[in-house]
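Undergrad: Quick paste of what Swiss-Prot says about this protein:
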- 24-291: domain 'CoA carboxyltransferase N-terminal' (DOMAIN)
- C28, C31, C47, C50: Zn(2+) binding site (BINDING)
- 28-50: zinc finger (ZN_FING)
Amino acid sequence: MSWLEKILPKTTKASGRKEIPEGVWAKCTSCDSILYKAELEKALNVCPKCDHHMRISGRKRLEYFLDEGDRVELGTQHEPKDVLKFRDSKKYSDRITAAQKSSGEKDALVAMKGHLKGIPVAAVAFEFSFMGGSMASVVGARFVDAVDQCLEHNMPLICFSASGGARMQEALISLMQMAKTSAALAKMTEKGLPFISVMTDPTMGGVSASLAMLGDINVGEPKALIGFAGPRVIEQTVRETLPEGFQRSEFLLEHGAIDMIIDRREMRDTLARILAKFMNLPSTEQEHRVA
């Protein structure tokens, strides 16, 4: 032992590097900032560094949006069926099972009724993680169930779209949902009940070509991709470079395709004020309540 080792205090080796539990941190998909997940969830999955609106599940979106305590889910009796016995690289029934397992949902639309700042409403939200939020028979059935509740109880309807379009595995059945949902919304118009469409990233295909663009007010979240065919498909077809930001909500607002852009963190307050004006309701939450 050297003289230096004799005069220095003995040290012990660390038992090992402490592992950080999984799920504590998240990475912004826009600016790559590392974010504390609990704080990100409080901000409704909007990055506090760059304000990028990350995708969230349809169920979580409705839980953020509707008042706590009296939310009732609609259309739970509807479940997908492989009527056509469709098969591509795998069976449609197997795709349904896999999507249900990965998303935790039975199909691509969650529908609820409840209150928004005391105003009785029905709200639906697409679940993009379920086969790209594709519109199929169950989506149409649940959407119509929500409309029927609005017609019965004189309530407005809010829809949060996040979809790649019609579900090819249901062929013509999925395309018929475009007409089915549009016809249901026509009944809302006849009765003078507001329908607000909120288009989130992405809202494409048959959904954008039907119910998503039929709102009395059409809203986009910041930088949401909204259109029919995607920009790459269009560029390959027309053989031209598209303008910067083409099909983003800011581009659509500038060209009059949507009415407004609302930050997700301000969605509840803004839509509650709009609905109060639409329905000639008092401004206080208590006065909106139905006896």
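Each residue, glycine too, has its Cβ placed from N, Cα and C.
On a predicted model such as this, the values are computed, not experimentally measured, just so you know.
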Undergrad: Within 8 Å of the centroid of the Cβ atoms of C28, C31, C47, C50, which other residues of that chain place their own Cβ, given that this set defines the recorded Zn(2+) site?
TA: T29, S30, D32, S33, L35, P48, K49, D51, H52
Undergrad: Cβ-Cβ under 8 Å from C31 (Zn(2+) binding site), same chain, 6 or more residues apart: which ones?
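TA: Correct list: C47, K49, C50, H52.
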Undergrad: Between the binding-site residues C28, C47, C50, where is the Cβ count within 10 Å the lowest?
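TA: Among the binding-site residues C28, C47, C50, the sparsest Cβ neighbourhood within 10 Å belongs to C50.
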Undergrad: What is the three-state DSSP composition of the zinc finger (28-50), stated as helix, strand and coil residue counts?
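TA: Per DSSP, the residues of the zinc finger (28-50) fall into 6 helix, 4 strand, 13 coil.
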